[in-house]
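Data block below; observations after.
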């Protein structure tokens, strides 16, 4: 395995610290917009960084920094099955769910992991065909019309983001065969809201838990079982699919469910949308064709991320820019704004992807580090956010870099002309206007009306939000997060930070440790049972 160094030990990072940001007011030109543009996957999904505060000097140092840190070589180690997740002694194999780029990866000296993931996909595709044809019906003999996925974190956020991104596209192309719903929160009101809004007789339920013992998912699964029984469905297991590890409690102890699809512990939840975790529901709702297009887009972007030239590798360049903005310019957050209603859930997935991966304060050697790591990821959809938090982005005291995402065409192809332009033209005009306004600003002697500009942004754009495009965009961000982790010398593939709260919650629920006056006082105020 290659050597890792802390970010502040890398010679080219020390050089980068002395480089001032580019002045966007004067730098942003038509020529720059044309030149500072690369494709994420090949030729249809673009990453434009013309409105980032960088120039050729930065790009040269980025290249040297990437080479010094062996970023592409480390990516190749991931693809070849090295145990990059050192704290858990695991490989990191989410790229294999959409195609093989590196060497054969053999687990436990016997199982080819690409073949394992492919066989699970084929099982999913065949199962979906049986559901769609009506060969498999509900326990009461009805054809399934709905799918509800029950899971939390990566078992919900990524799949939900992809589902909402593709739903209208599938509808327009007659590929929307079932309705999808999600239950994640342990709040029983969410379960009741979803289950009371559908006919459970016509609904297939997907239970996703890697360990088979996730607190929230177990509780929501029991809520579901109770609801099915109340609706006279005695053979409820015939309407439930399990997605879990082969050796989990759900797989070993819980028998008789309609079908089982298996995850692998080499893929963390936030990197699992292109595994059974995401593709089961997506195939059921939108067909095998859509699922394969998502995988194709992701795989093509994975390949492009192997390019050593930072000017031809969007995910690598985005990671280097992110490090510069966070660790040199001290920008503490990043805002994701998609000018597409279909992508309203996407920033929530990216929030988990980046903050759970790189929200660490120790390096790969379990040593405390003394530089900044992940930025706060947040966002929304345009143009809605222009009327909420854009005031702060334009004139607030914090500079917040932004990622804009936009598409030339709509998914449903319905529009209206108002004031001599279509709604979609207005949407795109607002996207372009915001990038320019944030970059160039506008001087005014009235300070209240002055726009300083110099607010950096990147633009991801394509002709249309298709399954292929969303697959490529998903891969772009996954690989960006991976490269950032390499530079920061942290393990992007564990999540110890989620454990402590779980332990204390279990203590409270079991009435343990009530010699702790803090637990007891909070519990008496909030939990009626105490």
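Using the three backbone atoms N, Cα and C, a Cβ is placed for every residue, glycine included.
In three-state terms derived from DSSP, residue 356 (active site, proton donor) belongs to a helical segment. Look at Swiss-Prot and you will find 356 tagged as active site, proton donor, backed by sequence analysis.
Classification of residue 387 (active site) by DSSP places it within a helix. Within the same chain, no residue at least six positions away from residue 387 (active site) has a Cβ under 8 Å of its Cβ. Here Swiss-Prot flags 387 (among others) as active site.
Feature annotation from Swiss-Prot assigns active site to 502 (among others). Secondary structure from DSSP puts residue 502 (active site) in a helix. The Cβ of residue 502 (active site) lies under 8 Å from the Cβ of 215, each of these being in the same chain and 6 or more residues away along the sequence.
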Other CB atoms, at most 10 A from the CB of residue 356 (active site, proton donor): 23
